[in-house]
Amino acid sequence: MLGWVQRVLPQPPGTPQKTKQEEEGTEPEPELEPKPETAPEETELEEVSLPPEEPCVGKEVAAVTLGPQGTQETALTPPTSLQAQVSVAPEAHSSPRGWVLTWLRKGVEKVVPQPAHSSRPSQNIAAGLESPDQQAGAQILGQCGTGGSDEPSEPSRAEDPGPGPWLLRWFEQNLEKMLPQPPKISEGWRDEPTDAALGPEPPGPALEIKPMLQAQESPSLPAPGPPEPEEEPIPEPQPTIQASSLPPPQDSARLMAWILHRLEMALPQPVIRGKGGEQESDAPVTCDVQTISILPGEQEESHLILEEVDPHWEEDEHQEGSTSTSPRTSEAAPADEEKGKVVEQTPRELPRIQEEKEDEEEEKEDGEEEEEEGREKEEEEGEEKEEEEGREKEEEEGEKKEEEGREKEEEEGGEKEDEEGREKEEEEGRGKEEEEGGEKEEEEGRGKEEVEGREEEEDEEEEQDHSVLLDSYLVPQSEEDRSEESETQDQSEVGGAQAQGEVGGAQALSEESETQDQSEVGGAQDQSEVGGAQAQGEVGGAQEQDGVGGAQDQSTSHQELQEEALADSSGVPATEEHPELQVEDADADSRPLIAEENPPSPVQLPLSPAKSDTLAVPGSATGSLRKRLPSQDDEAEELKMLSPAASPVVAWSDPTSPQGTDDQDRATSTASQNSAIINDRLQELVKLFKERTEKVKEKLIDPDVTSDEESPKPSPAKKAPEPAPEVKPAEAGQVEEEHYCEMLCCKFKRRPWKKYQFPQSIDPLTNLMYILWLFFVVLAWNWNCWLIPVRWAFPYQTPDNIHLWLLMDYLCDLIYLLDITVFQMRLQFVRGGDIITDKKEMRNNYVKSQRFKMDMLCLLPLDLLYLKFGVNPLLRLPRCLKYMAFFEFNNRLESILSKAYVYRVIRTTAYLLYSLHLNSCLYYWASAYEGLGSTHWVYDGVGNSYIRCYYWAVKTLITIGGLPDPRTLFEIVFQGLNYFTGVFAFSVMIGQMRDVVGAATAGQTYYRSCMDSTVKYMNFYKIPRSVQNRVKTWYEYTWHSQGMLDESELMVQLPDKMRLDLAIDVNYSIVSKVALFQGCDRQMIFDMLKRLRSVVYLPNDYVCKKGEIGREMYIIQAGQVQVLGGPDGKSVLVTLKAGSVFGEISLLAVGGGNRRTANVVAHGFTNLFILDKKDLNEILVHYPESQKLLRKKARRMLRNNNKPKEKSVLILPPRAGTPKLFNAALAAAGKMGAKGGRGGRLALLRARLKELAALEAAARQQQLLEQAKSSEDAAVGEEGSASPEQPPRPEPPAPEAPAPEPTAPEPLAPEAPAPEAPAPSSPPPASQERPEGDKDAARPEEHPVRIHVTLGPDPSEQILLVEVPEKQEEKEKKEEETEEKEEGEEARKEKEEE
């Protein structure tokens, strides 16, 4: 039934061997299968069933007789009772019954949660003596049981093999362990002289670990031999079962209460082995166990195998191991019975976390001090027995390994000292954190003494030679700010208090694996030390690591990761003398590198059946998160992350293995890559610093220079949202595609019909369509007003043409109706300052207005009376009431007409004509009323009735006279009314006509009055006639060009916004083209436009003169100006046209240049815009960016003007002039002719003299040209960006006597005259140079060196003249220097001003 457990559990590597149990008097039984590292699921399974092959250890437990040391050690290990069970126990029971009872007891211990005993005395004792369960390699269940019981507990167990009373005592003991106990050190333990020598005081309560977990992991293992005295090196127990010591008899009620409490919290759940062993969630400690178990098997070949650690076994070890100042001893691996070598486990310090937990539990254990004293006594006795066994075994093994031990002592001596120092530092650091002083300080002192004693014992233990199975997790300290180096030190400390050889190897291994990117350096040394070291040190190291992680919580996921690491591990065969060490990171692959205060401890891997030495080292804190410090370790960690290895801990089996070599290569390559990256980054930083330095320097030199970060960027203008801009083009495209016309066989595209949509609302002030509509309405109104009286008075409407009259009448009515229903209903209006465009509101506004009433009256349907009274035109008189449309049309038309006064004159004339029209109609009606031709006054009916009547009306209204006198009363009244109308009304209209005409000529009148006043003023002061003529000319030109004398008068009444709009429309197109203002803020230019003044200059007027103070800048609006220069100041240097600007240098006042540098004269009538310096400064205050830009441009222009002129260097200057005496002699010789000439030599000399004279003349001319050019450049600086137009200038006259041909001429006859005409191929040097006034375009190419060749005095002799202008580089350099000087001076001036 229980056979499946055997298949699951690991098997021992060799045949059962005997352990030293002769003292106990029990026969050695076959060794149990090693189960030190069984996972939690194995322990759970063992609770249910145990393989029959594993004998019970109960009898051996009973047979064990513990001395005072043994009891002391057992007293030290009450929390480690299960650790003893986890260790390999020998087959101590010869009877099946004892085996079954032992198995049942173990199962119960596994099931029942075991609290961690936190009593300080027991912890110290466990740290000092490492309970016999841990120190004796062949420790039996009896010893395991006495770990926490009184001295009589083990004899009673030896006598009573039955588990009943023992089980009850064990329950009581474990209950006491779980309950808080007051920290008290038993005097028996204090009396022991070897307590302090065995190890440092455990600062933290290592007894908090569940002993249940230990019991679950080791149901039966070989029992250890009797302990040896403490004075000698205590050999650690061989792999045995560290059976939990029975607790002293306590209150059963407390036990039942505890059981009920634990059952309520949680029941242990079975765990699948494949997942690394999961422990109960209620386990007080879930830290992984790091154990170094030594198999005392055959020493032929040792394999380094990475085994999985059982968490329950590890927790048991945490309770019993003495690692990190904890009283717990690590579990002993299963030992072969043939070589029952007991290896003692050294105590280690407990991490700070465990100490804190101990403190919390110690506060709860105040009421159990007496019970602790009894357990302390038992532990002391157990420890004494274990020490005796250890010493005996050390003596036997010491003789064999003296030589090897001495060598290893020399190598590891230094390491031991370092370990001791670190242990002391850690103990001191932890001691500071402990809030409880007295008891804890004493425990630390005892722990340190124990460590020293253990080190002495380890010297002899190192001599032992046996195969080692090293299953340890080097758990780094769980400090938050711990670096990689501190982790390696902690790992080295794991074995420091144990066998120093092994500890040194483990320390070197951990340090090298962390700091050297886990290279293989020192691997052989570590392996040899591990192989040569005794199991005592190894077990101690594992115990320390167990203690480090003992107070940490263990998660199921972490256990699964540990089993995955187990799957990757494999044993490597090695020799006995040089065992190979396989080091792998069990969980670094899945753990982040960030610190965590309470990291879960690693899960102990199960032992492999192979005989091997395996060191499982988690490179990072297993299950913990590390927070790294910025040090070299960070770079190493970065290299690890970059390397192909998934884990930061590299596994190696031999120093020369290919894997290690590859790792070294990868580390080297990544290091080189990192160095290259760092170099690149440094170079980039240097470059950035240089750029910043240059910017700061430039800013200090020139304050106008601003960086992109400092200069405020103008906020972009907010654009109005465009309604669906993308949809319209698409629609337009569709419309274009649709408009195709097919005609016959051709298909061509036609223009689409324009779609006009009637507006929803109409602006009556600006809508031209509405004005056009009003024009039609006024036409209809005039039809009615003019023709209704005619049709009524004159007989022009007859039955033959009545239909035409009616057609026109009703057409006018239709226009009226459309105006009311369509247009007037859509007119916008203003209400409360808002323009109302709502249709309903507009309709309501029109309906409520006076105009609507008049429109309704004019459309009264009086035409229906035609049916009764006939067609009478007087019935249409209401149509004339639409006079409001007429007046509105007049206003709208005047607003859009450029010359409104013309329309006003026409309209006034129309009023006069209409009044005459009405009078003529009335006169015909009066004549018809009395009878045509009846009297002399009436119309006689001859000729055109309308024309005759109209003429009579004109004579009557104008009161010209000459009309016939009225005879009847009717005629007298009618004529009186006509006269009255003509005198009163008609005179008013004539006066209005005068006003209209006067208004039309008001400007001209003002111009005349101003001119007359000015002429009167000049005559009064007797101004010269020339000046008066120029003034009159100015008046006339200004009036004709502008239509007014002063534009500013018109702008005064307008608001600023309107003035700006007008100025933009008039002047912006000109100012925006000025190169000086390009790039400036647009708003600045707008503000500047309002400050511009328009001035007209007459021909030859001086705009500015050289040397005067410049306060204005000029922009040419129309006309031209000429820049004059030269020696006389009258040479035209350049002509500026419209759009050019000059005077800006003086205006900006850069470098103190406020004086004019040239004369500027108006060429013809010129209209200039003038910008005053004061106005510009006021504007630039609000635009600092534009100010800086303008100043830069002005400096550049000034620098160009002040450029040094190119000076030609004459390397071979011409010869000096001929002395006068020599000239006289030549003249005399010339007169002598051929006699003194010697074949024409004198003629040649005469020609040479003429050439020299020509050279002198050319030099003088060149001087004059250079002066002219200098003045011209100064004038060009004034012009700014003007487009120069060089007028044609007369070139300087060529020298009269150029040089002769360069080739030697033939000898001339004496009578031959001197050659007057020079050869064209050999002009003199001056003739080669073009005048400086010519532009560069006249010279196609400028050579750096100019060479001129002339004839010498001798025909065969030639003179070489070379001109070398200055180099361009030197020019640029000089320009830069001058620019820097100017900028520096300007910056200083500004600072002084500020």
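Yeah, the Cβs are placed from backbone N, Cα and C, and that goes for glycine too.
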Membrane-side pairing of Val871 with Trp925, Swiss-Prot annotation: yes
671-681, 748-758, 759-769, 1210-1220 - the range that Swiss-Prot marks as region 'Calmodulin-binding CaM1': 671-681
Region 'Selectivity filter' per Swiss-Prot - which of 107-110, 695-698, 959-962: 959-962
Range annotated as region 'Calmodulin-binding CaM2' - as stated in Swiss-Prot, picked from 687-693, 736-742, 1261-1267: 1261-1267
Stretch carrying transmembrane segment according to Swiss-Prot (options 932-974, 1061-1103): 932-974
Spatial neighbours of the transmembrane segment (838-861) far in sequence, C-beta under 8 Å, 6+ residues away: 760-761, 813, 816-817, 819-820, 824-829, 831, 878-884
Long-range environment of the transmembrane segment (763-793) - Cβ separation under 8 angstroms, sequence gap at least 6: 805, 808-809, 811-812, 815-816, 819, 823, 827-828, 872-874, 876-877, 879-880, 882-883, 885-886, 888-889, 892-893, 895-896, 914, 917-918, 921-922, 924-925, 928, 946
Per-residue pLDDT averaged over the region 'Calmodulin-binding CaM1' (671-681), given as an integer: 85
Close approaches to the transmembrane segment (901-922) from elsewhere in its chain (Cβ under 8 angstroms; 6 or more beyond its ends): 785-786, 789-790, 792-794, 890, 893-894, 946, 949-950, 952-954, 956-957, 974, 978, 981, 985-986, 989-990, 992-993, 996-997, 999-1000
Helix, strand and coil counts within the region 'Ion conduction pathway' (900-999) (DSSP): 75 helix, 0 strand, 25 coil
